[in-house]
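Data block below; observations after.
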Amino acid sequence: MPSNQEARLFLAVLVLAQVLPILVDSAAEKGFKQAFWQPLCQVSEELDDQPKGALFTLQAAASKIQKMRDAALRASIYAEINHGTNRAKAAVIVANHYAMKADSGLEALKQTLSSQEVTATATASYLKGRIDEYLNLLLQTKESGTSGCMMDTSGTNTVTKAGGTIGGVPCKLQLSPIQPKRPAATYLGKAGYVGLTRQADAANNFHDNDAECRLASGHNTNGLGKSGQLSAAVTMAAGYVTVANSQTAVTVQALDALQEASGAAHQPWIDAWKAKKALTGAETAEFRNETAGIAGKTGVTKLVEEALLKKKDSEASEIQTELKKYFSGHENEQWTAIEKLISEQPVAQNLVGDNQPTKLGELEGNAKLTTILAYYRMETAGKFEVLTQKHKPAESQQQAAETEGSCNKKDQNECKSPCKWHNDAENKKCTLDKEEAKKVADETAKDGKTGNTNTTGSSNSFVISKTPLWLAVLLF
(Lines of atoms letter the chains of each structure in order from A and count residues from 1; the text may use other names and numbers.)
(Lines give C-alpha, C1' and ligand atoms only; values in the text may rest on other atoms or scores of the structure.)
Protein backbone atom coordinates (compact mmCIF):
# COMPACT_ATOMS: atom_id res chain seq x y z
CA MET A 1 0.00 0.00 0.00
CA PRO A 2 1.48 3.33 -1.04
CA SER A 3 2.45 5.74 1.65
CA ASN A 4 0.73 9.11 2.05
CA GLN A 5 3.77 10.79 0.50
CA GLU A 6 3.60 8.56 -2.58
CA ALA A 7 -0.13 9.18 -2.90
CA ARG A 8 0.37 12.93 -2.81
CA LEU A 9 3.14 12.69 -5.43
CA PHE A 10 0.92 10.60 -7.71
CA LEU A 11 -1.91 13.11 -7.35
CA ALA A 12 0.45 15.98 -8.22
CA VAL A 13 1.58 14.17 -11.38
CA LEU A 14 -2.06 13.67 -12.45
CA VAL A 15 -2.81 17.36 -11.94
CA LEU A 16 0.34 18.37 -13.82
CA ALA A 17 -0.60 16.08 -16.69
CA GLN A 18 -3.94 17.85 -16.97
CA VAL A 19 -2.44 21.33 -16.72
CA LEU A 20 0.58 20.97 -19.05
CA PRO A 21 -1.42 21.07 -22.33
CA ILE A 22 -2.76 24.43 -21.25
CA LEU A 23 0.64 25.91 -20.30
CA VAL A 24 1.32 27.34 -23.76
CA ASP A 25 1.40 31.00 -24.69
CA SER A 26 -2.18 32.16 -24.31
CA ALA A 27 -1.71 34.39 -27.37
CA ALA A 28 -0.62 31.57 -29.69
CA GLU A 29 -2.97 30.67 -32.56
CA LYS A 30 -5.13 33.73 -31.88
CA GLY A 31 -6.35 36.51 -34.15
CA PHE A 32 -4.80 39.98 -34.33
CA LYS A 33 -6.35 43.07 -32.83
CA GLN A 34 -6.52 46.40 -34.65
CA ALA A 35 -3.47 47.63 -32.70
CA PHE A 36 -1.42 45.15 -34.74
CA TRP A 37 -2.79 45.49 -38.29
CA GLN A 38 -3.74 49.20 -38.39
CA PRO A 39 -0.09 50.43 -38.44
CA LEU A 40 0.56 48.05 -41.34
CA CYS A 41 -2.34 49.64 -43.20
CA GLN A 42 -0.94 53.09 -42.48
CA VAL A 43 2.47 52.14 -43.87
CA SER A 44 0.80 50.56 -46.91
CA GLU A 45 -1.14 53.75 -47.62
CA GLU A 46 1.99 55.89 -47.34
CA LEU A 47 3.90 53.56 -49.65
CA ASP A 48 1.02 53.94 -52.09
CA ASP A 49 1.81 57.67 -52.24
CA GLN A 50 5.44 57.16 -53.30
CA PRO A 51 4.70 56.98 -57.07
CA LYS A 52 2.61 60.14 -56.69
CA GLY A 53 5.43 61.84 -54.81
CA ALA A 54 7.90 60.80 -57.51
CA LEU A 55 5.71 62.30 -60.22
CA PHE A 56 5.29 65.49 -58.16
CA THR A 57 9.05 65.83 -57.66
CA LEU A 58 9.99 65.10 -61.27
CA GLN A 59 7.38 67.56 -62.56
CA ALA A 60 8.60 70.19 -60.09
CA ALA A 61 12.19 69.71 -61.30
CA ALA A 62 11.13 69.94 -64.95
CA SER A 63 9.12 73.09 -64.20
CA LYS A 64 12.11 74.75 -62.53
CA ILE A 65 14.35 73.88 -65.48
CA GLN A 66 11.77 75.36 -67.84
CA LYS A 67 11.65 78.56 -65.80
CA MET A 68 15.44 78.85 -66.05
CA ARG A 69 15.25 78.38 -69.81
CA ASP A 70 12.52 80.99 -70.05
CA ALA A 71 14.67 83.40 -68.03
CA ALA A 72 17.59 82.79 -70.40
CA LEU A 73 15.39 83.45 -73.44
CA ARG A 74 13.92 86.65 -71.96
CA ALA A 75 17.40 87.98 -71.24
CA SER A 76 18.51 87.11 -74.78
CA ILE A 77 15.50 88.92 -76.24
CA TYR A 78 16.27 91.98 -74.11
CA ALA A 79 19.88 91.91 -75.36
CA GLU A 80 18.71 91.86 -78.99
CA ILE A 81 16.26 94.71 -78.48
CA ASN A 82 18.91 96.82 -76.73
CA HIS A 83 21.74 95.75 -79.02
CA GLY A 84 24.93 97.79 -78.72
CA THR A 85 24.43 98.96 -75.12
CA ASN A 86 26.04 97.94 -71.84
CA ARG A 87 22.59 96.86 -70.68
CA ALA A 88 22.56 94.38 -73.54
CA LYS A 89 25.91 92.96 -72.40
CA ALA A 90 24.56 92.64 -68.87
CA ALA A 91 21.55 90.78 -70.27
CA VAL A 92 23.85 88.42 -72.19
CA ILE A 93 25.60 87.60 -68.90
CA VAL A 94 22.20 86.95 -67.28
CA ALA A 95 21.11 84.77 -70.21
CA ASN A 96 24.31 82.74 -70.06
CA HIS A 97 23.86 82.19 -66.31
CA TYR A 98 20.31 80.86 -66.63
CA ALA A 99 21.17 78.72 -69.65
CA MET A 100 23.96 77.06 -67.65
CA LYS A 101 21.68 76.65 -64.63
CA ALA A 102 19.10 74.95 -66.85
CA ASP A 103 21.76 72.59 -68.20
CA SER A 104 22.92 71.82 -64.66
CA GLY A 105 19.36 71.11 -63.54
CA LEU A 106 18.71 68.90 -66.55
CA GLU A 107 21.87 66.91 -65.85
CA ALA A 108 20.84 66.46 -62.20
CA LEU A 109 17.39 65.34 -63.33
CA LYS A 110 18.80 62.78 -65.76
CA GLN A 111 21.69 61.45 -63.71
CA THR A 112 20.47 61.63 -60.11
CA LEU A 113 16.91 62.66 -59.41
CA SER A 114 15.13 60.36 -61.88
CA SER A 115 17.16 57.35 -60.69
CA GLN A 116 16.41 58.14 -57.04
CA GLU A 117 12.68 58.49 -57.62
CA VAL A 118 12.41 55.33 -59.75
CA THR A 119 14.31 53.31 -57.13
CA ALA A 120 12.13 54.66 -54.31
CA THR A 121 8.98 53.92 -56.29
CA ALA A 122 10.07 50.38 -57.17
CA THR A 123 11.09 49.43 -53.62
CA ALA A 124 8.00 51.05 -52.07
CA SER A 125 5.64 49.33 -54.52
CA TYR A 126 7.27 45.95 -53.90
CA LEU A 127 7.05 46.32 -50.12
CA LYS A 128 3.46 47.50 -50.36
CA GLY A 129 2.59 44.40 -52.38
CA ARG A 130 4.09 42.14 -49.72
CA ILE A 131 2.26 43.95 -46.90
CA ASP A 132 -1.04 44.03 -48.78
CA GLU A 133 -0.89 40.32 -49.53
CA TYR A 134 -0.39 39.54 -45.85
CA LEU A 135 -3.20 41.84 -44.77
CA ASN A 136 -5.49 40.36 -47.40
CA LEU A 137 -4.78 36.85 -46.07
CA LEU A 138 -5.55 37.95 -42.52
CA LEU A 139 -8.76 39.62 -43.68
CA GLN A 140 -10.03 36.54 -45.50
CA THR A 141 -9.03 33.98 -42.88
CA LYS A 142 -12.06 33.84 -40.59
CA GLU A 143 -14.57 31.30 -39.29
CA SER A 144 -17.33 33.63 -38.18
CA GLY A 145 -18.08 37.17 -37.19
CA THR A 146 -16.37 36.61 -33.87
CA SER A 147 -13.43 34.37 -34.78
CA GLY A 148 -10.75 35.10 -37.36
CA CYS A 149 -7.30 36.54 -37.98
CA MET A 150 -8.21 40.23 -38.28
CA MET A 151 -10.18 41.50 -35.32
CA ASP A 152 -11.46 44.88 -34.20
CA THR A 153 -9.95 47.04 -31.46
CA SER A 154 -11.23 44.94 -28.57
CA GLY A 155 -10.91 41.59 -30.32
CA THR A 156 -14.65 41.00 -30.14
CA ASN A 157 -15.53 40.87 -33.84
CA THR A 158 -13.80 40.25 -37.14
CA VAL A 159 -13.51 43.26 -39.45
CA THR A 160 -14.66 43.62 -43.04
CA LYS A 161 -13.45 45.60 -46.04
CA ALA A 162 -15.69 48.34 -47.41
CA GLY A 163 -14.39 50.36 -50.34
CA GLY A 164 -10.93 51.58 -49.45
CA THR A 165 -11.19 50.87 -45.72
CA ILE A 166 -10.94 47.88 -43.39
CA GLY A 167 -12.91 48.23 -40.20
CA GLY A 168 -13.08 51.97 -40.90
CA VAL A 169 -9.29 52.25 -41.29
CA PRO A 170 -7.98 53.51 -44.70
CA CYS A 171 -6.48 50.39 -46.26
CA LYS A 172 -7.12 49.97 -50.00
CA LEU A 173 -4.77 46.99 -50.49
CA GLN A 174 -4.06 48.17 -54.02
CA LEU A 175 -2.19 50.88 -55.92
CA SER A 176 -4.03 54.13 -56.57
CA PRO A 177 -4.09 56.01 -59.89
CA ILE A 178 -0.88 58.02 -60.07
CA GLN A 179 -1.49 61.74 -59.74
CA PRO A 180 1.18 64.22 -58.59
CA LYS A 181 1.08 64.69 -54.83
CA ARG A 182 3.59 66.26 -52.47
CA PRO A 183 5.36 63.36 -50.72
CA ALA A 184 4.71 62.76 -47.02
CA ALA A 185 6.89 61.08 -44.40
CA THR A 186 4.54 60.27 -41.52
CA TYR A 187 5.17 56.55 -41.09
CA LEU A 188 8.42 56.17 -43.01
CA GLY A 189 11.02 58.47 -41.49
CA LYS A 190 14.77 58.98 -41.60
CA ALA A 191 15.42 56.35 -38.91
CA GLY A 192 12.85 53.75 -39.89
CA TYR A 193 9.14 53.00 -39.73
CA VAL A 194 7.02 54.84 -37.17
CA GLY A 195 4.13 53.31 -35.23
CA LEU A 196 4.57 49.62 -36.00
CA THR A 197 4.31 47.11 -33.17
CA ARG A 198 7.87 46.22 -32.21
CA GLN A 199 7.79 43.83 -29.26
CA ALA A 200 6.76 40.25 -28.52
CA ASP A 201 3.15 39.95 -27.40
CA ALA A 202 3.55 38.75 -23.85
CA ALA A 203 0.32 40.24 -22.52
CA ASN A 204 -2.17 39.99 -25.38
CA ASN A 205 -1.27 43.46 -26.60
CA PHE A 206 -2.12 42.67 -30.20
CA HIS A 207 -3.28 39.02 -30.11
CA ASP A 208 -6.84 38.26 -29.09
CA ASN A 209 -7.36 35.72 -26.31
CA ASP A 210 -9.95 33.46 -27.94
CA ALA A 211 -10.41 34.21 -31.70
CA GLU A 212 -8.74 31.41 -33.64
CA CYS A 213 -6.19 32.18 -36.41
CA ARG A 214 -4.17 29.40 -38.03
CA LEU A 215 -1.89 32.01 -39.66
CA ALA A 216 -0.60 32.88 -36.19
CA SER A 217 1.02 29.52 -35.43
CA GLY A 218 3.20 26.90 -37.07
CA HIS A 219 2.00 24.20 -34.68
CA ASN A 220 -0.35 21.37 -35.65
CA THR A 221 -2.86 22.41 -32.99
CA ASN A 222 -4.95 25.14 -34.60
CA GLY A 223 -1.93 26.21 -36.63
CA LEU A 224 -0.35 25.71 -40.06
CA GLY A 225 0.92 22.22 -39.22
CA LYS A 226 -1.16 19.11 -39.89
CA SER A 227 0.19 15.92 -38.32
CA GLY A 228 2.99 17.82 -36.66
CA GLN A 229 4.49 21.25 -36.28
CA LEU A 230 6.23 22.98 -39.20
CA SER A 231 9.91 22.22 -39.66
CA ALA A 232 10.86 25.84 -39.02
CA ALA A 233 9.43 29.24 -38.25
CA VAL A 234 7.70 31.10 -41.10
CA THR A 235 8.20 34.79 -41.95
CA MET A 236 5.36 36.88 -43.34
CA ALA A 237 4.76 40.49 -44.37
CA ALA A 238 8.21 40.74 -46.00
CA GLY A 239 9.96 39.59 -42.83
CA TYR A 240 8.10 41.79 -40.35
CA VAL A 241 6.19 38.88 -38.78
CA THR A 242 7.73 35.57 -37.66
CA VAL A 243 5.33 32.71 -36.95
CA ALA A 244 6.93 30.15 -34.65
CA ASN A 245 6.59 26.39 -35.25
CA SER A 246 5.54 25.97 -31.64
CA GLN A 247 2.60 27.14 -29.61
CA THR A 248 3.97 30.61 -28.96
CA ALA A 249 2.85 34.04 -30.07
CA VAL A 250 4.23 35.57 -33.24
CA THR A 251 7.20 37.89 -32.97
CA VAL A 252 7.75 41.04 -34.99
CA GLN A 253 10.88 42.70 -36.32
CA ALA A 254 11.75 46.08 -34.81
CA LEU A 255 11.73 48.51 -37.74
CA ASP A 256 11.87 51.90 -36.04
CA ALA A 257 15.69 52.16 -36.02
CA LEU A 258 17.00 50.41 -39.12
CA GLN A 259 20.57 49.81 -40.20
CA GLU A 260 21.66 49.54 -43.82
CA ALA A 261 22.22 45.88 -44.61
CA SER A 262 21.76 43.29 -47.33
CA GLY A 263 20.34 39.80 -47.26
CA ALA A 264 18.24 40.37 -44.14
CA ALA A 265 14.93 38.55 -43.67
CA HIS A 266 13.22 41.95 -43.66
CA GLN A 267 15.28 43.29 -46.62
CA PRO A 268 12.28 44.79 -48.50
CA TRP A 269 11.68 47.08 -45.52
CA ILE A 270 15.34 48.14 -45.51
CA ASP A 271 15.41 48.73 -49.27
CA ALA A 272 12.32 50.95 -49.25
CA TRP A 273 13.66 52.92 -46.27
CA LYS A 274 17.11 53.39 -47.84
CA ALA A 275 15.62 54.57 -51.12
CA LYS A 276 13.26 57.00 -49.39
CA LYS A 277 15.92 58.63 -47.21
CA ALA A 278 18.24 58.97 -50.22
CA LEU A 279 15.78 61.22 -52.05
CA THR A 280 17.11 64.74 -52.56
CA GLY A 281 14.02 66.17 -54.25
CA ALA A 282 13.92 69.21 -56.50
CA GLU A 283 15.30 71.53 -53.82
CA THR A 284 19.03 70.99 -54.36
CA ALA A 285 21.35 73.75 -55.59
CA GLU A 286 20.83 72.81 -59.25
CA PHE A 287 17.15 73.80 -59.01
CA ARG A 288 17.43 76.91 -56.81
CA ASN A 289 18.07 80.55 -57.59
CA GLU A 290 21.49 81.73 -56.48
CA THR A 291 21.84 84.63 -54.04
CA ALA A 292 25.60 85.07 -54.29
CA GLY A 293 27.21 88.20 -55.68
CA ILE A 294 27.24 88.46 -59.46
CA ALA A 295 30.76 87.07 -59.89
CA GLY A 296 29.80 84.04 -57.80
CA LYS A 297 26.85 83.05 -59.95
CA THR A 298 27.13 80.06 -62.24
CA GLY A 299 28.92 80.84 -65.49
CA VAL A 300 29.49 84.56 -64.87
CA THR A 301 33.21 84.60 -64.07
CA LYS A 302 34.05 82.22 -66.91
CA LEU A 303 32.13 84.33 -69.44
CA VAL A 304 33.72 87.59 -68.26
CA GLU A 305 37.21 86.09 -68.47
CA GLU A 306 36.80 84.50 -71.89
CA ALA A 307 34.51 86.94 -73.70
CA LEU A 308 35.26 90.33 -72.13
CA LEU A 309 38.67 90.28 -70.47
CA LYS A 310 39.98 87.60 -72.84
CA LYS A 311 42.21 86.49 -70.01
CA LYS A 312 41.98 83.30 -67.98
CA ASP A 313 42.76 83.21 -64.26
CA SER A 314 41.86 86.87 -63.86
CA GLU A 315 42.05 88.52 -60.47
CA ALA A 316 38.77 88.90 -58.60
CA SER A 317 39.23 92.68 -58.64
CA GLU A 318 39.55 92.65 -62.44
CA ILE A 319 36.33 90.69 -62.80
CA GLN A 320 34.46 92.99 -60.42
CA THR A 321 35.74 96.08 -62.23
CA GLU A 322 34.52 94.67 -65.53
CA LEU A 323 31.13 93.75 -64.11
CA LYS A 324 30.63 97.32 -62.83
CA LYS A 325 30.60 98.51 -66.44
CA TYR A 326 27.40 96.59 -67.09
CA PHE A 327 25.71 96.20 -63.70
CA SER A 328 26.88 99.38 -61.93
CA GLY A 329 28.15 97.04 -59.21
CA HIS A 330 28.81 93.40 -58.53
CA GLU A 331 26.34 92.54 -55.77
CA ASN A 332 23.10 90.58 -56.08
CA GLU A 333 21.07 93.82 -55.89
CA GLN A 334 22.52 95.02 -59.22
CA TRP A 335 21.68 91.65 -60.76
CA THR A 336 18.10 91.99 -59.55
CA ALA A 337 17.91 95.48 -61.07
CA ILE A 338 18.85 94.14 -64.52
CA GLU A 339 16.33 91.32 -64.15
CA LYS A 340 13.67 93.92 -63.43
CA LEU A 341 14.57 95.83 -66.61
CA ILE A 342 14.35 92.59 -68.57
CA SER A 343 10.98 91.76 -67.03
CA GLU A 344 9.51 95.18 -67.89
CA GLN A 345 10.84 95.28 -71.46
CA PRO A 346 7.89 95.44 -73.91
CA VAL A 347 7.90 93.50 -77.16
CA ALA A 348 6.03 94.18 -80.39
CA GLN A 349 2.29 93.56 -80.02
CA ASN A 350 2.14 91.62 -83.29
CA LEU A 351 4.43 88.99 -81.75
CA VAL A 352 2.04 88.05 -78.95
CA GLY A 353 -1.38 88.77 -80.45
CA ASP A 354 -4.06 91.36 -79.78
CA ASN A 355 -4.99 92.06 -76.16
CA GLN A 356 -2.12 89.89 -74.94
CA PRO A 357 0.56 91.03 -72.45
CA THR A 358 3.64 92.45 -74.10
CA LYS A 359 6.10 92.70 -71.20
CA LEU A 360 8.80 90.02 -71.23
CA GLY A 361 8.17 89.14 -67.60
CA GLU A 362 4.60 88.20 -68.48
CA LEU A 363 5.60 85.86 -71.30
CA GLU A 364 6.61 82.24 -70.85
CA GLY A 365 7.00 79.04 -72.80
CA ASN A 366 9.91 77.89 -74.91
CA ALA A 367 8.07 78.02 -78.24
CA LYS A 368 6.72 81.55 -77.79
CA LEU A 369 9.93 83.06 -76.43
CA THR A 370 12.10 81.32 -79.03
CA THR A 371 9.93 82.76 -81.81
CA ILE A 372 10.18 86.26 -80.34
CA LEU A 373 13.95 85.90 -80.01
CA ALA A 374 14.22 84.77 -83.64
CA TYR A 375 12.23 87.84 -84.74
CA TYR A 376 14.56 90.27 -82.99
CA ARG A 377 17.67 88.41 -84.13
CA MET A 378 16.48 88.69 -87.72
CA GLU A 379 15.85 92.37 -87.17
CA THR A 380 19.37 92.83 -85.77
CA ALA A 381 20.82 90.85 -88.67
CA GLY A 382 19.02 93.15 -91.10
CA LYS A 383 20.43 96.24 -89.43
CA PHE A 384 23.91 94.76 -89.44
CA GLU A 385 23.61 93.99 -93.14
CA VAL A 386 22.70 97.61 -93.82
CA LEU A 387 25.81 98.79 -92.01
CA THR A 388 27.98 96.24 -93.77
CA GLN A 389 26.81 97.34 -97.19
CA LYS A 390 27.18 101.00 -96.26
CA HIS A 391 30.68 100.43 -95.02
CA LYS A 392 31.90 98.59 -98.12
CA PRO A 393 32.45 101.67 -100.38
CA ALA A 394 34.44 103.50 -97.70
CA GLU A 395 36.50 100.38 -97.02
CA SER A 396 37.11 99.87 -100.75
CA GLN A 397 38.20 103.47 -101.18
CA GLN A 398 40.61 103.12 -98.27
CA GLN A 399 42.04 99.94 -99.77
CA ALA A 400 42.37 101.59 -103.19
CA ALA A 401 44.33 104.45 -101.63
CA GLU A 402 47.02 102.14 -100.29
CA THR A 403 50.50 102.71 -101.71
CA GLU A 404 53.82 100.98 -101.34
CA GLY A 405 54.82 103.61 -98.83
CA SER A 406 51.68 103.28 -96.71
CA CYS A 407 52.02 99.48 -96.69
CA ASN A 408 55.68 99.68 -95.63
CA LYS A 409 54.66 101.52 -92.46
CA LYS A 410 52.24 98.81 -91.25
CA ASP A 411 53.00 96.12 -88.71
CA GLN A 412 51.79 92.54 -89.08
CA ASN A 413 48.35 93.17 -87.57
CA GLU A 414 47.73 96.19 -89.82
CA CYS A 415 49.10 94.60 -92.99
CA LYS A 416 45.90 93.74 -94.83
CA SER A 417 44.84 93.59 -98.47
CA PRO A 418 46.05 94.98 -100.81
CA CYS A 419 49.17 95.01 -98.63
CA LYS A 420 50.92 91.67 -98.08
CA TRP A 421 53.12 90.53 -95.20
CA HIS A 422 56.45 88.81 -95.92
CA ASN A 423 57.84 87.02 -92.90
CA ASP A 424 61.24 86.36 -94.43
CA ALA A 425 61.91 89.94 -95.56
CA GLU A 426 64.64 91.77 -93.69
CA ASN A 427 63.30 95.32 -93.68
CA LYS A 428 60.07 96.09 -95.46
CA LYS A 429 57.98 93.07 -94.52
CA CYS A 430 54.68 94.70 -95.46
CA THR A 431 54.56 95.62 -99.15
CA LEU A 432 51.92 96.47 -101.73
CA ASP A 433 50.64 93.45 -103.69
CA LYS A 434 50.13 94.94 -107.18
CA GLU A 435 47.73 92.22 -108.38
CA GLU A 436 45.59 92.58 -105.29
CA ALA A 437 45.72 96.38 -105.62
CA LYS A 438 44.41 96.08 -109.21
CA LYS A 439 41.49 93.90 -108.05
CA VAL A 440 40.61 96.42 -105.36
CA ALA A 441 40.76 99.27 -107.85
CA ASP A 442 38.46 97.40 -110.26
CA GLU A 443 35.94 96.62 -107.50
CA THR A 444 35.97 100.23 -106.33
CA ALA A 445 35.33 101.44 -109.85
CA LYS A 446 32.47 98.95 -110.19
CA ASP A 447 30.90 100.11 -106.92
CA GLY A 448 31.11 103.68 -108.14
CA LYS A 449 29.04 102.85 -111.21
CA THR A 450 26.35 101.03 -109.19
CA GLY A 451 23.59 103.27 -107.91
CA ASN A 452 22.39 101.26 -104.95
CA THR A 453 21.98 97.74 -103.65
CA ASN A 454 18.72 96.12 -102.52
CA THR A 455 19.26 93.85 -99.53
CA THR A 456 16.68 91.94 -97.52
CA GLY A 457 17.16 91.46 -93.78
CA SER A 458 14.65 90.18 -91.24
CA SER A 459 11.13 90.72 -92.59
CA ASN A 460 12.00 94.16 -93.98
CA SER A 461 13.69 95.27 -97.20
CA PHE A 462 16.41 97.87 -96.88
CA VAL A 463 17.37 100.05 -99.87
CA ILE A 464 21.07 100.80 -99.62
CA SER A 465 22.05 104.15 -101.09
CA LYS A 466 25.49 105.70 -101.15
CA THR A 467 24.74 107.93 -98.19
CA PRO A 468 27.23 108.91 -95.52
CA LEU A 469 28.29 106.22 -93.06
CA TRP A 470 27.07 108.20 -90.04
CA LEU A 471 23.46 107.88 -91.26
CA ALA A 472 23.71 104.12 -91.23
CA VAL A 473 25.00 104.22 -87.68
CA LEU A 474 21.75 105.87 -86.61
CA LEU A 475 19.99 102.60 -87.36
CA PHE A 476 21.36 101.35 -84.06
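Cβ atoms here come from the backbone N, Cα and C positions, even for glycine.
Candidates considered were Cys171, Cys213; the recorded disulfide partner of Cys41 in Swiss-Prot is Cys171. Disulfide annotation in Swiss-Prot: Cys419 is bonded to Cys407, selected among Cys213, Cys407. Cβ-based neighbour count (10 Å, all protein chains) for Asn289 (N-linked glycosylation site) stands at 12. Comparing the Cα of Asn289 (N-linked glycosylation site) with the Cα of every entry in Cys149, Cys171, Cys407, Cys430, these being the disulfide-bonded residues, the smallest distance points to Cys171. Cys41 (disulfide bond) falls within a helical segment according to DSSP. A straight line from the CA of Cys149 (disulfide bond) to the CA of Cys41 (disulfide bond) spans 15 Å.
Most Cβ neighbours within 10 Å among the disulfide-bonded residues Cys41, Cys213, Cys419, Cys430: this distinction goes to Cys213. The Cβ of Cys149 (disulfide bond) has 24 other Cβ atoms within 10 Å, all protein chains considered.
Long-range Cβ neighbours of Cys171 (disulfide bond) (same chain, at least 6 residues apart, Cβ-Cβ under 8 Å): Cys41, Ser44, Glu45, Leu135, Lys161, Gly164, Thr165.
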